[in-house]
Every structure is written in C-alpha cells, then in structure tokens.
C-alpha cells in the first residue's frame, strides 16, 4: 500500500529500494541537531555516497550532514506539504514586496517600479490587500500603491482595497487625504459599503471633526448602506461633540427600541453625552440600565462614570462606583485615579483625595502640575496645612518638569497660610515665588492682604496694595471685596488707610464706605448710594459687599445704616427667603451671612416678632426657629452656630440648639411670648438700652474674629 513514510514506524510499509535504517533516517531530530533534512515528493532518497576510508571507525559510518526524508507523491499528505512550501514562498515574496514598498519614496514612478519588480505577473486581490496592510509606513505611498493595484491587479471588488487604505488614513488621522480618496472612489464607480462609511466616520471622529462624521453618517441612505453598532457608537459620540445631544440620544433610544445589543462602547458614549450636557441623572440611568441588560461595564465605562459624577459634585456616588469597580476586579489606570482626584478635590473630600494621592505616589504614577494644584487648592480651602506642605515638597522634589510648582501652586500656598494667619509662612512662600522667577498675581496679593488684615497689620496691607500698583495689576471685584473685609475688622484709628486703598481701587465703593463712616450722613443717603453700587455690581460680589458693609456698620455702631442696607439688599433680591412663615413655624435663615449681617437680621426679626405680638392678630405660630448652618463660616472660623449660642445667652433668649437638627435653634411660641413680654416690661425691646447692648455684643464678636 502506498503511503507517507514520514513518522510511520512499521517496517512492512517501507519501500524495497535501498534506504537508511529507520533509526537513522526516520527518527525525528532534536532541536540541537545541526543536520538538515531534505523532504521530496518526487525523488526517492539518494543513496549515501561511499564514505572516505578515514571516516569508518570500528565498523561504523559517520553521520551525514544532510538528511533526506522521502514522501510518497501518491499520499494525501503530499499535497499539504507542497501547499505549505508554496505558502511560505508566497508569504516571503509578499513580505519582501511590502518592505520594499515601505522604504520607497512617495513618488508614482518609484512606487510603480517597486511593485512591478515584485509582481512580474498580475497580482491577486488578496496579495494586494496583504501588501497594502503591511506597507503602512507612509499614507502617500499607500495611496499610490492602491492606484497601481487597481490598474494592474486582478481585483473583483475594488471597495476592499479602498477600505484598506482608508483604515490606514484613519490610523494616521489624515482627514484631507481621506476626503480626496473618497472622491476618487466615487469617480472610479466604486460603491461604498458599510465598512467604508464606518471607517470614514470614525476617521472624522478621531480627527476631532464631529460635524464631518455626522455629514457622512447622513449620506449612508443615499448609498443603501445601514450602519452597524460601531458606526452608531461613533455617530452618537459625534452628535454629542457637535452639540446635537438630541440627535445622539435619539439614536440611542432607537437602538434600545429596536433591541439592538448594547455594548460598553455605546453606553460609555451616551454617558459622556449626558455628562457633557449636564444631565447627570441621565448618565447614572444609562449606567444602571446597561448593567440591568447584562452588559458588563469595562474600564472606559467606569472612568466615564467617575468623571461624570465628579462633574456632578456627587462624591458619594463616586465612592460607590469605585468600590464596585474594585469588586469587579477592573484594574484602575492613571485616568481612573485622575477622575477620583478631580471628584474628591472639587467636593473638598480631603481624606479621600489624599488617600488617592498617596496611592498614586506608591504606584509611581505621573502627577502633573494641574492635579497637584487641584490638591493644593483643596487643602487651602479646608485648612489642610500639613498635607499641603507634603504635596508642595513633593512638587519641588520632582524631577519631572511637568510637576514643578507654577504661579498657581504658590498662590494656593499663600492662600493656605493666609487663612491660618501665618504671616511668616505666607511671606516665605512669596519670597520663594519671586526667587523661582514668578511675579505675584492678583490672587497672591489678595490672599496676602487678607492675611495682614486678619493679623491687624494695616501698614503691611497698604504696602501690599502698593505692590499691586507697581506691578500694573488692575484691582478686580474680588480684590475690592477683600479690602472691604479688611476694613470691617480694622481699628477705627487706622481705618482711613484702608479706605484710601478702597477708593483708589473702586471710586464708587470708596464713596459708599465714606458715607458709612461719616456719622453726619443720613441713613437714607447711605441707602441710596449703596443701592446704586449694588445694582451695578456683578452678581457674584453683591452678597459679599453687603456682608462686609454690614460688618463695618455694626463695628462702627451705625445700626440704623446696617438696617437700611439690609432693607435695600432685600429689595434688590440679594438676600432672599431670609424669613419663612408657615402655620406651624416661623424661621430665620442666616446661613451664608457674615456675623454683622446675621446679627442685624436677627435684630430686625426680633422686632418683627414683637410687632406681630402687639398687633393682636393671629399671633405667633407654635414653633420659632433660627437656622445658622453648621461648621465654619466664610467670614468666621468659629461659625455662626457657636457665636449665636453665645449671643442668645447674652440676650437671655429662650432659643436652644436642636439636638436632632444641626445648626438650628428652636423655641416655642409660649416661651417666646414670655420673653418678649419680659423685655417689654423692662423697656428693652426696640429701646436704646437694648440697641446699645446688642452693639456691644456684636462688637465683641467681630473683635474676636479679627483676632
């Protein structure tokens, strides 16, 4: 029986002509053998030549350097061996052609010469595809090679070759060449298919041209093409980037309605569209919906969700998603940690932000100056002095230039030391900043002036203001508000120095402050001037201006002007919903007010309560409440709650802190009536003696703040 001898051991199938013993001729050689085997499907193995005499030792012949294995040409395995040899030869030839083409200059003649040398006969379509795929060094060369193959090769479907080159252009992000090749394709009479459109659309997306991606997507019906899932994903993202969120979400709704199989790519795209449009609930819904549909979130989806919830200022959701990501054993990347840093620093979750930062340090991840500055800004706002100093040392010790401190880094450190009234440290950072070649900006000088103001160093406030003028920096609203805040806590004998700085920064604001200080000016004239100022001021500075002006009024015992300013602010809508009334409770909401503004509002409210009691109408509701909020206040490190507790004790008012409602002081109408009647009998309500005592307490509180 004819059969393949390679690897067969029975001696009965061996041919009768002379051959080597099986042990020598057919035993597989080990990898360490240096002898080469010759396989033939045509000729029998040649006879071993007679060895030279000196090669026979002890009756044994020395082994030959070349070994032959004969394969029966009638065996089915012979065709496979032949195809294997032919395939290897073809692959080598195509690889050689691709290498020559890759090194070729992008000139039509040079490309044609290289391909003609590689293909004496017309190449097959598959050969053209392989060469174009592997010779992808230069898009220009690939386009010229495509034209040669379209002319010389045996091509049945030209769209395949066009798609190969379009994918190369997408990889290189060459949009203009993509448009040119699209035009050639149409002039050549080639019908684009789904792969063509998908490639062109994703190329436009990669090149940052969402409008072009949408344009090509809308051309698909003209060519009777239907988008696939990848195309839909790219177009949903393109619509979102182009600002057409409605169209993006409409495509997503269509995908759901037609029960297409959702994948992480589409879901992450839709989450990003929702996030960019500010619809964070929609982003969260898509995230939960994809899990309910059995789509497992991948790293991109998790990172997109972390970024979205960070933008939404929902750090508690960020923590939940990160915990889920860990439970699912999805390995976080640097992008993951950057999203976490962004979320926690924005929300001022100091402990969580520092934990992420130290984890990134342990993993030796790159942290650029932007993320360092986010951390420093957070530390400055929440008073993390030790943590900020650690971060700042790490920045200065970094060998990466992208991590070195910049002007914003120094600004945050000055702000940090300013908030803790550490004058020496603030001045030290300023000197470091100057030595590093950075000029102080308005933020640095604003923080420095606030620091000097809190420390009671008025002359240094004036000197710092001079630096602003020397550097040619124009004061902004925030800077003027800082000067106003300093004035509210400055001793009367030095107040003129600060007022002069205010007047030089903002003439209208300076005129209002002068009217406030002038005891001969009327409350009405002051109210009118303050109303004009606040009406023309930007929205973000109106309440800070009011707060500081009222602090200054109270500090100077100008209570009538404080009440007039409060009335003007309420008419202008600056203070809204300070008082709320229901059938069961009247409340005073002081959260966000400065100490002077809050105590002025309390004074007016108590007189309103007395008036309501005197009117003989419905009287007071069962419950009265004052909401101060909890924690630190922008205008006081102690917070309003602690100060109001002291002040209410001074007035012997029956308000007590609610054990189950933080930041609330409550009393009953019965206790309030008794207290108001008692004060009436003592002629303290709305009397000069009460006003004097009230101003005494306020003055003490404001003085404690300045210290």
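Cβ coordinates come from backbone N, Cα and C, glycine included.
Annotation comment: TrEMBL describes 1-68 as region 'Disordered'.
The compositional bias 'Pro residues' feature in TrEMBL is assigned to 43-54.
Per TrEMBL, compositional bias 'Polar residues' is recorded for 55-68.
Annotation source TrEMBL lists repeat 'PPR' at 158-192 (among others). Confidence in the repeat 'PPR' (158-192), given as mean pLDDT, stands at 91.
Counting residue by residue with DSSP, the repeat 'PPR' (193-227) contains 25 helix, 0 strand, 10 coil. Per TrEMBL, repeat 'PPR' is recorded for 193-227 (among others).
Same-chain residues lying 6 or more positions outside the repeat 'PPR' (228-262) and placing a CB less than 8 Å from one of its CB atoms are 194, 197-198, 201-202, 204-205, 210-211, 213-214, 217, 269-270, 272-274, 276-277, 286, 290, 293, 295. Per TrEMBL, repeat 'PPR' is recorded for 228-262 (among others).
Here TrEMBL flags 263-297 (among others) as repeat 'PPR'. Among residues of the same chain six or more beyond the repeat 'PPR' (263-297), those with a C-beta under 8 A of the stretch's C-beta atoms are 229-230, 232-233, 236-237, 239-240, 245, 248-249, 252, 255, 304-305, 307-309, 311-312, 314, 317, 321, 325, 328, 330.
Listed as Cβ neighbours of the repeat 'PPR' (298-332) (distance under 8 Å, sequence separation of 6 or more from its ends, same chain) are residues 264-265, 267-268, 271-272, 274-275, 280, 283-284, 287, 290, 339-340, 342-344, 346-347, 349, 352. Among the features that TrEMBL reports, repeat 'PPR' is placed at 298-332 (among others).
The list of residues near the repeat 'PPR' (368-398) in space but at least 6 beyond its ends in sequence, with Cβ under 8 angstroms from a Cβ of it, reads 338, 341-342, 344-346, 348, 350, 353-354, 357, 361, 404-406, 408-409, 412-413, 415-417, 419-420. Among the features that TrEMBL reports, repeat 'PPR' is placed at 368-398 (among others).
Look at TrEMBL and you will find 406-440 (among others) tagged as repeat 'PPR'.
Each residue of the repeat 'PPR' (441-475) gets a DSSP state, and the totals for helix, strand and coil are 26 helix, 0 strand, 9 coil. The repeat 'PPR' annotation in TrEMBL covers 441-475 (among others).
Annotated domain 'Smr' per TrEMBL: 588-675, in sequence order.
Away from its own ends, the repeat 'PPR' (441-475) comes close to residues 407, 410-411, 414-415, 417-418, 421-423, 426, 430, 433, 482-483, 485-486, 489-491, 494, 497-498, 500-501, 504-506, 706 of its chain (Cβ-Cβ under 8 Å, at least six residues beyond either end).
Below 8 angstroms of C-beta separation, residues 369, 372-373, 376-377, 379-380, 383-385, 388, 392, 395, 447-448, 450-452, 454-455, 457, 467, 471 of the same chain, each at least six residues beyond the ends of the repeat 'PPR' (406-440), sit close to that stretch.
Across the repeat 'PPR' (406-440), DSSP classifies residues as 26 helix, 0 strand, 9 coil.
Residues in the repeat 'PPR' (298-332) partition by DSSP class (helix H, G, I; strand E, B; coil) as 26 helix, 0 strand, 9 coil.
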